[in-house]
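Asker: The structure is given below, and queries will be raised subsequently.
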Amino acid sequence: MAWLYVGCGGIAGTLARFLLSRWLGNRVRGTWPLGTLFVNLSGAFLLGLLLALPQGRLPANVTLALGTGFVGAYTTFSTFTYETVTMIGDGEGKRALAYSLGSILGGLLLAWLGWLAAGSLF
């Protein structure tokens, strides 16, 4: 039955990523992939928040649906990689490096902040 929880969370995460990335892309013009950056950073925060919840705070199936399902489908390593490689291919190595470092370091920072937020809330 766990597969059903992961699948439902995954559907919701995929749709959230698609809609949010498209919405941001239509409002913020430029060459920086802000949609992917935003979903990956906010996903890192959500995962940090979820991981810091006290054991048993949420039912195991809900944690599975939210963590593996929703956040796993919401964030996108493949799009991040594609955008980075495309920047490098376009001769924009410095921009690719800044995007990569911002994504990775920002993700770690936001996961930690999510962890801290959960600790102060619960």
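Cβ from N, Cα, C; glycine included.
Remember, predicted model here, so these are calculated numbers, not experimental data.
The annotation Na(+) binding site is assigned in Swiss-Prot to Gly72, Thr75. Under the heading transmembrane segment, Swiss-Prot lists 1-21, 33-53, 62-82, 102-122.
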Asker: Look over the recorded stretches 1-21, 33-53, 102-122 and say which has the most C-beta pairs under 8 A to the transmembrane segment (62-82).
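Answerer: Against the transmembrane segment (62-82), the leading stretch is 1-21.
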Asker: In three-state terms from DSSP, label Gly72 (Na(+) binding site) for me.
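Answerer: SS state of Gly72 (Na(+) binding site) = helix.
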